[in-house]
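Down below is the structure, laid out as structure tokens.
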């Protein structure tokens, strides 16, 4: 059982390929290094995707995210690299990665990167009552 950082992303077959549904993940402890100063940068990543044939396996995602801990990377570059690797592994219908980096020099940086599978169109939204977002583990 691997407990070391790894760039290997694993997938499993989407159990419901006939329906568009959103998978939402929050990764509150992303860390990489500032390529200019070598100081750690911390971010909260939010991953939303609509799978096609494959879903990402959570432990491999955790080890993949962990692999950036000692790498120097600009916020924009690392967000897009992670998105590209997820797209290559899963080939989702749609995916959005939002990186919210904690304050550095008085500046917060948010980077949002998206990919949409060629030809895929979302279903029209069904407008119901608006509910506040509810999270499993926090407010």
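Yeah, the Cβs are placed from backbone N, Cα and C, and that goes for glycine too.
Summarising the annotation, Swiss-Prot assigns active site, thioimide intermediate to 34. Around residue 34 (active site, thioimide intermediate), the same-chain residues at least 6 positions away in sequence with a Cβ under 8 Å from its Cβ are 40, 41, 72, 104.
According to Swiss-Prot, the feature active site, proton donor maps to 41. Taking the Cβ of residue 41 (active site, proton donor) as centre and 10 Å as the limit, one finds 22 other Cβ atoms among all the protein chains shown. Under the three-state DSSP scheme, residue 41 (active site, proton donor) falls in the strand class.
Neighbour count (other Cβ atoms within 10 Å of the Cβ, all protein chains): 11 for residue 58 (substrate binding site). Residues annotated as substrate binding site in Swiss-Prot, with sequence analysis given as evidence: 56, 57, 58, 75, 76.
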- prompt: If you measure every Cα to Cα pair among 56, 57, 58, 75, 76, the residues listed for substrate, what is the largest value in Å?
  reply: 24
Task: Would you count the other C-beta atoms found within 10 angstroms of the C-beta of residue 56 (substrate binding site) for me?
output: 21
Query: Do you know which of the binding-site residues 57, 76 has the most other C-beta atoms within 10 angstroms of its C-beta?
result: 57
